[in-house]
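Here's the structure we're looking at; comments come further down.
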Amino acid sequence: MKSPWMLLIFSLLAAGKLMAEEVMVFAAASLSDAMSELGKDYGKATGETVRFNFAGSNTLARQIEAGAPADVFVSADRLQMDRLEEKHCVDPQTRKDVLGNTLVVITPPEGPVLKSIHDLGGSSVRRLALGHPDAVPAGVYAKAYLKKIGCWAEVESKVVPAENVRAALAFVESGHAQAGIVYKTDAASTDGVKVAWEIPAEEGPPIVYPAAVVSGTRRAPAAKRFLAWLRQEAATEVFEKYGFRVLGR
């Protein structure tokens, strides 16, 4: 038979578990692998639960603007975060640029041999998978680069717009597109594509992932703790393992 003291201890432990904070993080689709691992690590380290909603940053921004119950937003570009900040949907005092990435051109493993970026306009590439070039950050970045080098007019009619970068990756992986432009971190997540070449960071647009606490959340302290934890060495190691550049160290 348990003593009253033991029962009290068990009750306090149970109450503490019930009171543990839960943080809802809206994060860009390209972060799904790294963030899923970090969420588990954070839970083990703190006892707090992190749940994720992964999608294109533009989709997530619309959801937050419409009042979706997010505590933290991690975008794949500054534009979507800027939009939310202008609408007072995120707390600017908590905003930090946390990660960087790089674009790569991919093909299926047995796909066409591409010797230059202009080969994307050739007959061997009938479909080019991108995140939607007017909305999804990865697609916006890709379009900006292709326009900069004078290649957009050659490929625009071939573009298969995807709802997020992981969907663009899947188009190439399945063979529905002969080539695609995605983040280096996404290409590294599968053996189902090969990297034709990496677009040098100095040539492509700067790819920056900002993070911030969503305005009005009732879990702001927990959200801030999670953002602070993303800057710790344990989180840095996970991000770098998945190929991200960690900013602001």
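Note that Cβ sites are derived from N, Cα and C of the backbone, with glycine treated the same way.
Whatever TrEMBL says is automated annotation, not expert-curated.
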Note: TrEMBL has Ser30, Ser57, Val165, Tyr183 binding molybdate, and from Ala138, Ala211, Ala212 that site also includes Ala138
For molybdate, with binding residues Ser30, Ser57, Ala138, Val165, Tyr183 per the record, max Cα distance (Å, no decimals) returned as 14
Apart from the site residues Ser30, Ser57, Ala138, Val165, Tyr183, the 8 Å Cβ neighbourhood of the molybdate centroid comprises Ala28, Ala29, Gly56, Ala76, Asn101, Gly131, Val136, Pro137, Asn164, Arg166, Val182, Asp186
